[in-house]
Amino acid sequence: MSRRLTALTSFIVILLSYHAYRFPNRNPISTPSLTPPPNSTATNHIIRFIQYNNAHELRAYLERHVKCSGWKWVERRNPAASFPTDFALVTIEDRRRDFLIGEFGKLELVKDVSLDLSYQRVVLSAHEESGAGAFVDGKKKRPGKIFTSMSFTERENSAPANASWRRSLMMQKSQVTSLFGADALWSKGYTGAKVKMAIFDTGIRANHPHFRNIKERTNWTNEDTLNDNLGHGTFVAGVIAGQDEECLGFAPDTEIYAFRVFTDAQVSYTSWFLDAFNYAIATKMDVLNLSIGGPDYLDLPFVEKVWEITANNIIMVSAIGNDGPLYGTLNNPADQSDVIGVGGIDYSDHIASFSSRGMSTWEIPHGQLADMLMLGRYSLCNRKTEKSHPWKSRLDYPFRLALELSVLYGRVKPDVVAYGREIMGSKISTGCKSLSGTSVASPVVAGIVCLLVSIIPESKRKEILNPGSMKQALVEGASKLSGPNMYEQGAGRVDLLESYQILKSYKPRASIFPSVLDYMDCPYSWPFCRQPLYAGAMPVIFNVTILNGMGVIGYVDGPPMWLPDSEEGNLLSIQFTYSDVIWPWTGYLALHMQIKEEGVHFSGEIEGNVTVNVCSPPGQGDIAPRKSACILRLKLKVVPTPQRSQRVLWDQFHSIKYPPGYIPRDSLDVRNDILDWHGDHLHTNFHIMFNMLRDAGYYVETLGSPFTCFDANRYGTLLLVDLEDEYFAEEIKKLKDDIMINGLGLVVFADWYNVDSMMKMKFFDDNTRSWWTPVTGGANVPALNDLLSPFGIAFGDKILNGDFVINGEQSRYASGTDVVKFPKGGYLHRFPFLDSSESGATQNVLLSGMSKADSPILGLVEVGEEGRIAVYGDSNCLDSSHMVTNCYWLLKKILDFTASNIRDPVLFSDSSRQDKALQLDDNQLPSRRTDVNFSTYSQVVDKELICRSDSRFEVWATKGYDLHVRGRNHRLPGYAAVDLGQGSNSTSEVPFKKIKSVDKDGNSLGNSYLGYLYGDDQLDFPELVASHWLLPAIVAGSGFLVLWSFWRIRQKRRRRRKGSGSFNRSANS
């Protein structure tokens, strides 16, 4: 019997160990390309130079100065080869990559060295039309330059309303061109003649019957063909310049230059685009359509080349993206101020569901990159910053970006919208088809632009037309739609005939877009019209674009001025941040508005003008510089300062987003969107929550600076949602005092954090030749635990999923965490969930099944004199990006408690009251990873504590309230010094270890990873921690020992039996 039991035990242990090793990921975490590095040992790199030169001279220069082995020159045999270039393409062996990049970066003429990134567009199918644009398959896509989807679906089975509309169009032989009045300009003889239109797409077939003026077809790919084998490039060309009666284009006489920049597999490379852009500049294109985009606005070679394109007087039109209806999903390059970004609408003038929404997220703070750009020290593979670089061709990218990053609030985009659903265009060979998407709306506007260019005599075009003046004509002529807000429609639906009238009498000038901010114009002026101004509030920032039609470069001549219409207008105080230099064609003007303290009881409207004077160098034939006065009209609503309990402060400062790092999604159930890239702002993916809070009577303000930069006596609650950054020691101390002494309420909505699961999500990126690992979890739980430590509260590292009911409300807990420490006397709510973290999945296997255990997820407690705290382990129910069910009702009840001590009977039931504290040893709390250079992404680690331009004016550029000395930089214990030599997304080769975090008093704040094995929390040497196979290996080893012991016992018994048998035989003989 014992032998059978032993055998059965051995079999079970071995089976479990195999199962734990073979199937470790029984959780919803998507694993994008967890494959080992490919066999290739070299990758292509782009070396950019500070000036143009012939390719053979650049090659000789590099070979003369870098004579060591490990790199090879790559010949680029394309039409741009006959023109000077500003970059080289070289192959660098991976083993010598860092050394050679350093050698190239030392050269005087080298600007920077970067990888030749590959990227791919994917088909947008009918069911993916909403919200799948930039990321379609989490297992295939990777962080990097990811382009928005092509609009490839032919709409043959449309919804009844659309089908009816389409049949009506066909019966009347009408086209989208007639909806914009193109036939009126055709009748005047304007058909796009002598306009050079560059179409960057999949190519076009020669002698296509729909086109009368295909001037040139060029191939920039590694495929030996000029033809379009996909149909997208042909369709785009047809919308712009087709002449078939069934699918007419806007400008049939436009000269088509087809740039084939995508292969049949929809793959392209940065170097292909750079060469094609250079060729477009050299051949003096007039208009360029780019029906692509992606979320990475920090792809320096690509973005800077787009600026150079527009600086050379090429009008670029680009699709805003197919990632709607989510906010904060603008695609690059359409989100650039010098590019005409186009959104999509349907024939009922409703914003198309697929059309990406604003605001732009460039300006929302994101860590070290912004700080270093401010100091002019940004380095990507030894980038050089040339502050004396000629203005004529380009402005240094870091300097330009640094200016925009200082605003701290996004711009209005798209610029205009156009019909983008069921648009007719040309097929590959003959005939017509219909497609939908912003990549269809973009050529609609590009065709309109070609038609408008042709109305100006060719001899005067370069004098009048440029990216600045064309955008002025489009946005000033656009028809504002009645339903959507400014971040959905921009200036409105493009109006060809109105823009025609503007250009007919156009004189070079500067202007502001939007030109009016009207708090009474709702919903267009959302979010500003949803919340009036009042004294004592954080500044409200409105960021507008300066459009300069006078020249590629301009200057703000003197500080902007606020000129109120009446005496009440003097209650408004405005600080301005703006572009000293306007280049190319555009700049920014940010208004930081707050009501003076003497207006605390004022109720009414304030109106007036902000004036900005802009000057540019003399134009052709001019003697004096060109000057223009821009006017921004303000119509503001002001109310008396609300009660403290009604005021909520939203923490934006401690949020980190993609780019520049791999910031993972908050809900691991979502497989088609691996990155957190929507801004995490009240006015992007939390905009529905913002509207709900306003409807509930709360006034919500934004804090974009550390906690030392706000006066807690003004606010009822500080709201922390989905935060990834660290905290200054001064912030932790001040928040403790604010809650315990000043009665501030604190609400925290956290998210998952599990180091093993993060490591499981890592993958090898072919582009950067490095492993990509999440910088943190859905939230930075170790940092939150430091913040909550004075109150005896902490989150754990479980990843909990499941449905539950509270207060009669059905809710979904999507990749949330648990509460593991909570003080006595508080109220703690537990629900049964499945732990899908790596360690939790293994534990489930050991416990024979996917077991659910009650986990505490919601806690409410009163601390200090009048302070109140509420914590919840999941923020997905507030985030409109991937929400399953909302928990706005819960947030309102929590705010009622933290701000006004109103206690809901369900949340404060006797059964949930804690008779004793929930405790967990500090060394068992989640700990920080140390294999990631977190300071690269953080605004806290190794940074100086300072109040920025979105804080109250009285603390600008200081340490904050009651801090008059220079604060020290914050450094995480155990973190290595900043090393800018490696890519910002790469991680070190040594796997992580957890270290013991210690506060100022020497108290432990976290555990040491594997400390229980070594008996010492402070390990002073790197360990190779096999986080994924360690536990299964231990189980397997135990099984082997049991089996070995069983075998040994049987062997002994056999020997004894043999010995006994021999003795018996001897006795019988």
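Keep in mind that glycine also has a Cβ here, set from the backbone N, Cα and C atoms.
If you check TrEMBL, you get these features:
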ACT_SITE  ASP201  active site, charge relay system
ACT_SITE  HIS232  active site, charge relay system
ACT_SITE  SER439  active site, charge relay system
DOMAIN    43-114  domain 'Membrane-bound transcription factor site-1 protease-like N-terminal'
DOMAIN    192-361  domain 'Peptidase S8/S53'
DOMAIN    409-485  domain 'Peptidase S8/S53'
DOMAIN    513-641  domain 'MBTPS1 third'
DOMAIN    642-913  domain 'MBTPS1 fourth'
SIGNAL    1-22  signal peptide
TRANSMEM  1029-1047  transmembrane segment
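Per-residue confidence over the domain 'MBTPS1 third' (513-641) averages 97 (mean pLDDT, predicted model). Among the recorded stretches 43-114, 192-361, 513-641, the one sharing the largest number of Cβ pairs closer than 8 Å with the domain 'Peptidase S8/S53' (409-485) is 192-361. Per-site Cβ counts within 10 Å over the active-site residues ASP201, HIS232, SER439 peak at SER439.
Rounded to a whole number, the distance between the Cα atoms of HIS232 (active site, charge relay system) and SER439 (active site, charge relay system) is 9 Å.
Rounded to a whole value, the Cα-Cα separation of ASP201 (active site, charge relay system) and HIS232 (active site, charge relay system) is 7 Å.
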